[in-house]
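Okay, structure first, notes after.
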Amino acid sequence: MAAALCCGLLDYKTEKFALTRNRRVGLLHRLLQLAVLGYLLGWVLVVRRGYQDTDAAPHVSVITKMKGVSVTWSKDASSRLWDAVDYASPPQGENVLFLVTNFIATAKQAQGTCPESPSVLDGMCTEDVDCPVGNPVVHGNGIKTGKCVMFNATHSTCEIYGWCPVENNTLPRKPLLAEAENFTLFIKNTVNFTKFNFSKGNALQTNDSTYFKSCTYDPFFNPSCPVFRIGDMVEAAGETFQDLALLGGSISIRIEWNCDLDQPTAWCQPQYSFILVDRRYNFRTASYYWDSQRRPYRSLMKLYGIRFDISVHGQAGKFGIIPAAVSFGTGIAFFGAVSAKYALFL
Amino acid sequence: MAAALCCGLLDYKTEKFALTRNRRVGLLHRLLQLAVLGYLLGWVLVVRRGYQDTDAAPHVSVITKMKGVSVTWSKDASSRLWDAVDYASPPQGENVLFLVTNFIATAKQAQGTCPESPSVLDGMCTEDVDCPVGNPVVHGNGIKTGKCVMFNATHSTCEIYGWCPVENNTLPRKPLLAEAENFTLFIKNTVNFTKFNFSKGNALQTNDSTYFKSCTYDPFFNPSCPVFRIGDMVEAAGETFQDLALLGGSISIRIEWNCDLDQPTAWCQPQYSFILVDRRYNFRTASYYWDSQRRPYRSLMKLYGIRFDISVHGQAGKFGIIPAAVSFGTGIAFFGAVSAKYALFL
Amino acid sequence: MAAALCCGLLDYKTEKFALTRNRRVGLLHRLLQLAVLGYLLGWVLVVRRGYQDTDAAPHVSVITKMKGVSVTWSKDASSRLWDAVDYASPPQGENVLFLVTNFIATAKQAQGTCPESPSVLDGMCTEDVDCPVGNPVVHGNGIKTGKCVMFNATHSTCEIYGWCPVENNTLPRKPLLAEAENFTLFIKNTVNFTKFNFSKGNALQTNDSTYFKSCTYDPFFNPSCPVFRIGDMVEAAGETFQDLALLGGSISIRIEWNCDLDQPTAWCQPQYSFILVDRRYNFRTASYYWDSQRRPYRSLMKLYGIRFDISVHGQAGKFGIIPAAVSFGTGIAFFGAVSAKYALFL
């Protein structure tokens, strides 16, 4: 009986101790269960929408079209009008497109010999020995003929065999196509989430054929009009058009689709953002022709301008029985693990 | 002893009660274990192939080439032959390509003044005040000169300075290149899953050099011949070629690679699908030339046609020891959680 | 007391048995816990960096520019100089670009009738019946006129209406632009991980404007100079330039960004790899012109060369409180599951 008593006492003491311990552990336990429940409801169901199937690789189609006209004046005061066919390239309207804002034209180049441009390091010389015959000028315009000749009063450069005369690299001080600011870019973008057989375009579905001819995109007042003013896009990228137009630049147009297909499809709208990638951009292009003696000539153009690079990313989610079961099951399992573990410690 | 007996009885009763409860809970328990096992085997191992490493971002290369010839007849009954160099652009064979099916040609445009087209809203006028000097015509072809002139018997439009004469926007009623239906498009597509150092192309590996010159793709009889008839593709997209050819259109060619590299590589084959993106598509392009007095001219072409946009998605999986361990371990853990939890409730 | 004793003995025996079993099970238990801990630390935290938010879909921008000059000699010993404007296309510098290394020129093609090339299967004939009027030659250059004519001493082919004369398909035995090996390709690549508002370019940030004009990429000595010698790239792809230049080829330039943004940003550097996709590559292009009688002509060029296809993949990770909590919580749950499960078995 004494043993029983003592044991009874012991039991009582242990129990009392266990109770206090229980209370503390129990609190921790409840907190943990709450955390898991919070994770399950907050993270899995609300933030991650774990009950949804997702498709993060939509098939994307982008078609673009620029509009607007501008007049440029050359030194001899002759004017030239530029329309979209002249200043936009490539003509097909792909997702990378280019708007000429400034240029250096070198008309009537023919194959022959002439002095290299003094702007090319490897073309500078003081005597003929500096120009070994047959060597190409590194980053230059032709093959050295072995002679060192006067380019102008101050510079001597190697004579080259190439397209002559070489390009004159003095750029107009102000952009020639300054009015390009008011040109517009129409972007037709369609995304297709094949997993859900769901397609949507960024243009308003309308029967009014003149709508896209008169509207301009505005993030607040006109978000469904995919006609963007060039100047607005440059400003949204944090630049002023006149600065960028002088030496060219590269702007990334990003279209983000983040669609919850359990909601009305009207809520599935793209977000546009405009980011400056680079402050300089130019390339050269030429058109070739032949004179009456079939001698080849070319008109070289060094084009400065704004390159637009449209990239589309998208993600769509829709309720699916399997992901819902998995998410819920996983949550239950965590919940169970937490419950079981701490119960055992008691 | 009485206490012991009573307790023995109590024990017995509790045990009996516990047994029935056990049976019921046990059933639930088994069902849950079965669900977890089903999830583990069905979802993780079979559907998701959880034992595999995956690579969902292959490096993709697409090269295309169009073939075929067609004759067009102009109003003055002169014929013109079109081959791939004439109707396909860009010539390099990229993943976006264009086939001309109809066009409006405006030959010999020069810079000068002429009346704006009456199809441009902002170009309409009734008196000179409607055409403020120096303003560009919105969505039009030039800069207003301040005069309102007769375009034809019924319309008056602003005179503009621009490329003149302006484009005549009457499109032939039937597609000029109606025979383009029989042209073929060769698509060479290679995917490379760098993670597994695995490359595969969509073209049959063959030594017969004439194979690709004589075969045509058919989903059932000839799925390894990547030469697609244009008409077949348009039909697969749910359109008739003659309708689409008139005003142009945009078709998305989707190539899906879904490869289980634990299977023979011959099973790793692409799936093609053809989807109509848009019912209208056109763009303008020009070729420039100079007359004997060095005055610039251009030949403007408004090209209607079918734009093909090839997009490739791919995913490959291969057994990997780490994902296998993780998947299996996770499954075991769920299994354990379910077992532990319900065991505790007893 | 006897009962107590027996029970005591039983207890003792059971305990002893349980102890040995415990030891064995305990060992397994510890091993499992160790495995879970290893998984948690090794896989989740170190390999997968589970405590990080990730962005695997950066917005990517690629701008390219080729440099170099080369001279070609035609059969009549006349020389021609090629610079980047002549041999690189498209001129804009996109992520797919082409370098001419060999070509077949067919000057002054006009619309008319001439014999089909004997290299086209469907154009071969022995009598007029083989050439039904109005049928296009399959994979050929024109429409059959109904006559079978002599092409040369050994071959008879159908007469066609098309661009005449047809292309002469004898390719120079050695690449005409063999010096293209020393040309350079400048690749300007910027990635932007929008989730972390982090941008980085592959070019060294330097104020020395001549740096990119004089450096060449080398994986060990000069990894920050994005100017690639064509010959080096072809070699890195496992080919010799002279072989590839003859019939053209396609090379994939892959840029991989794998950035841990918890580390200094200087460690976030791209990895380049060069892979041969194809051993043949060519396309045709034409320039159109008119003679004094306004008859259209074209100069057809079949261009062989190297196509470079730049693809950029990227992934960035950065510490995030939610993924860290989730990874840690999941690990704890697994740990708990393992602990709980085996404890129950005892």
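The backbone N, Cα and C atoms fix where each Cβ goes, and this holds for glycine too.
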ATP site partner of A:Lys65, A:Met66, A:Lys67, A:Asn282, A:Phe283, A:Arg284, A:Lys302 (as recorded in TrEMBL), chosen from A:Thr170, A:Thr184: A:Thr184
A:Cys131: disulphide-bonded cysteine as recorded in TrEMBL, out of A:Cys158, A:Cys164: A:Cys158
Cysteine paired with A:Cys114, where TrEMBL records a disulfide bond, from A:Cys148, A:Cys164, A:Cys215: A:Cys164
Recorded positions satisfying Cβ distance under 8 Å to any chain C Cβ, from A:Met66, A:Cys158, A:Phe283, A:Arg284: A:Phe283, A:Arg284
Chain-internal residues, separated by at least six, CB under 8 A from A:Lys67 (ATP binding site): A:Ala84, A:Phe183, A:Thr184, A:Leu185, A:Phe186
Largest inter-residue Cα distance among A:Lys65, A:Met66, A:Lys67, A:Thr184, A:Asn282, A:Phe283, A:Arg284, A:Lys302 [record-listed ATP binders, Å]: 24
Top Cα neighbour of A:Asn182 (N-linked glycosylation site) in the set of recorded positions A:Lys65, A:Cys164, A:Phe283, A:Lys302: A:Lys65
Whole-number Å value for how far A:Cys148 (disulfide bond) lies from A:Cys158 (disulfide bond) (Cα to Cα): 4
Proximal to chain B - recorded positions among A:Lys65, A:Lys67, A:Cys164, A:Cys225, A:Phe283, A:Lys302, CB under 8 Å: A:Lys65, A:Lys67
Lowest local Cβ density among A:Asn182, A:Thr184, A:Asn282, which the record lists as recorded positions, within 10 Å: A:Asn182
Of the disulfide-bonded residues listed as A:Cys125, A:Cys131, A:Cys148, A:Cys225, A:Cys268, the one whose CA lies nearest the CA of A:Lys65 (ATP binding site): A:Cys225
Rounded inter-Cα distance in Å - A:Cys148 (disulfide bond), A:Cys131 (disulfide bond): 7
When distances run from the Cα of A:Cys114 (disulfide bond) to each of the recorded positions A:Met66, A:Cys125, A:Asn282, the nearest one: A:Cys125
